[in-house]
Amino acid sequence: MEYIDNLPPMDLMRSEKMTFVQLIIPVESAHPAITFLGQLGLLQFRDLNADKSPFQRTFVNQVKRCAEMSRKLRFFKDQTQKAGLLPSPRPASQPDIELEELEIQLAEHEHELIEMNANSEKLRQSYNELLEFKMVLQKASDLLVSSRSHTTAQETELNENVYSNDNYSDTASLLEQEMQPELSNQSGVRFISGIICKSKILQFERMLFRTTRGNMLFHQAVADEELLDPSSNEMVEKIVFVVFFSGEQARSKILKICEAFGANCYPVPEDMTKRSQITREVLSRLSELETTLDVGLRHRDKALTSIGFHLTKWMSMVRREKAVYDTLNMLNFDVTKKCLVGEGWCPIFAKTKIQEALQRATMDSNSQVGIIFHVMDAVGSPPTYFRTNRFTNAYQEIVDAYGVAKYQEVNPAVYTIVTFPFLFAVMFGDWGHGICLLLGALVLISKESKLSSQKLGSFMEMLFGGRYVVLLMSIFSIYCGLIYNEFFSVPFHIFGGSAYKCRDASCSDAQTVGLIKYSDPYPFGVDPSWRGSRSELPFLNSLKMKMSILLGVAQMNLGILLSYFNARFFNSSLDIKYQFVPQVIFLNSLFGYLCLLIVVKWCTGSQADLYHVMIYMFLSPFEVLGENQLFWGQSVLQVILLLLALVAVPWMLFPKPFILKRLHTERFQGGTYGLLGTSEVDIYEEPDSARQHHHEEFNFSEVFVHQMIHSIEFVLGAVSNTASYLRLWALSLAHSELSTVFYEKVLLLAWGYDNLIIRLIGLAVFAFATTFILLMMETLSAFLHALRLHWVEFQNKFYHGDGYKFKPFSFASLADDED
């Protein structure tokens, strides 16, 4: 044990040792001190003003100013994107400016930009109105001319038969009045011309017809080009219309309907000369407005470009300043109102760096009083902090997704780095598919510097973050594929010749009678001659099933062993004696014994039925094994192991609650007992909660029920978790059979035809199935199953995962887009 205690600590085995510190900062040094600490990123502040709302804090005005500047910068960014300009990725070299000066500059830029946008909007609106007026003049002129020419052919007949009637002017219809110009002028027939969206034209015409009771004439024509809709700011197709009517009341109704439908009306003179003159004036003004708009857009783009050169730097500066003031709001003023008091957690190795940063802040602020930095007694459970790199970070994230480790608890990520990709490979073993995964991982790693600086999609970002996980998964898949001897389901004689041969030259009875062994076993992995033989499936099923149990029991034993190191580290002798020892005895008395039988059967070549041995170990422990006996003394060993398993259950259940009760009673009767370092006492402490163990009430029934649940969970879990590892066998078999089906029923079937097109189609289908089913869906399936084996079967033996992450105040971790 002394040898174990003297071993050097591993970086990832346990979280960094933390210390609780207090800072007393003079007011003049507060801002530079927090800024330097943000650059360092190794101190997590504790909010001392949690009972105050955001509006009651000291630096609320500064936070509001920063939020307002962030709004202006987002406005500049949106305007730049709308203009089709890209912000400069490399900020222009500019001397550092103060926050107040930046605030003035942003206000000036915003005022200038808003004014330019308002002028541009007015000019654009005038331009659109003139453009619509031009369209109405052109189309309405055509409609009026066509209307006049249409009436010429009928004038003679109407003059002879109808207009000769003296009373006609009182009874003539609107259509007839419009066809007779002289009568039209006498009766007051007028028209309104305008333009409307095409989507509204049917409802518009129907409403006009119903309102005037059919006493109107409606002409329409499609505009030559799409026009800008001011309400939606999109280009829409519009219709030019002309409505003929009679009477002032009808005119008023038509104008109201036009206003309701968003139609723009424009005056069109009946005289052709006036129409031509107005058209020329409109075209002239349109040309002037186009020139003015182009000049305004160029000026606006120039202003946005100059802002874009500094936009990235300004956004970073404002984001940092806001984060500094948000952190200052977590500090308290002392009674003299001259110093700020802060508390927080930092790693022990960072104390020197923090003190150096605080000294620099004192010098920069020219303060006469230095910043006081001292260690305090902790008031709660420390945060968990692991120093990871690009390789280990992804594995740590896999563990943290289950739950963050308690402070100084054994970290499963150390073992997950190896066991996770290996268990994945056991289910995915095919060295052809492994090579494909390896190529993908190498591509991601080779483009690491380029992709890390880009914004990726959610799926691509997840894949890039796990590039080193995919790398090890592919390497282990190649290794397991060599053991299974499968290359896209095809076996190869890589490590020498087969140990089996057919009974005759035709090999016709290989699948019915079987093969003959004539030499030493195949040196590495599965013999390729098993492929296609009569006993291929039974042999591979037996091999992978037994291998799954061996791997599962080994990993569960590792989990129980890690619980011993946890208990030893936290000085919990009760957990060692009454949890670790009975758990090891129970698991290995049953399933460790099963693993022993598997290994002995493999080594001796015995035909014993292990199902029968394990079942009758419980049903009839004293029965003679007969032909199922694998070694001398097996019956006696079975009885001893069964008794040990039965004893282990009450050993786990009863002693610990009663011992805890006795220790609690003696401690409060004046006994000299220190704080009991058991998992029940320490593990479930909430973050930042005061330790008040001397006021705790000991509830024996609650402790007993808790222990009973843990004992029953372990006993049942030992069975269910062992069975759960059989998924390694099931998924490996499914992957192998799917590969075989795609190879034999798609590729070989297509290759049997002497036709190039059929062969190419077969090759394309095989490539598609391999890529999307075997390399994507099967990879995801094996990944999720390996994740479950680690989270449930492995980590529940020792890992509590009820800690909280170390989240230091750091500029590097600030979000790119902050609300």
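Heads up, the Cβ atoms here are built off N, Cα and C, so glycines get one too.
Annotated features in TrEMBL:
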COILED    97-126  coiled coil
TRANSMEM  422-445  transmembrane segment
TRANSMEM  466-484  transmembrane segment
TRANSMEM  547-567  transmembrane segment
TRANSMEM  579-600  transmembrane segment
TRANSMEM  631-654  transmembrane segment
TRANSMEM  756-777  transmembrane segment
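With pairs at least 6 apart in sequence, the transmembrane segment (422-445) and the transmembrane segment (756-777) have 3 or more Cβ pairs within the 8 Å limit; the two touch.
Contact between the transmembrane segment (422-445) and the transmembrane segment (631-654) is not supported: fewer than 3 Cβ pairs lie under 8 Å, counting only residues 6 or more apart in sequence. Counting only same-chain residues 6+ beyond the ends of the transmembrane segment (466-484), those with a CB under 8 A from a CB of the stretch are 390-391, 394-395, 398, 417-418, 420-422, 424-426, 428-438, 440-442, 444-445, 448, 494, 524-526, 732, 736, 783. With a threshold of 8 Å between CB atoms, the same-chain residues lying at least 6 positions outside the transmembrane segment (547-567) that come near it are 409-410, 412, 415, 419, 423, 426, 573, 575-576, 579-580, 583-584, 587-588, 591-592, 594-595, 598-599, 679, 718, 721-722, 724-729, 789, 793-799. Looking only at the coiled coil (97-126), the predicted model's pLDDT averages out at 89.
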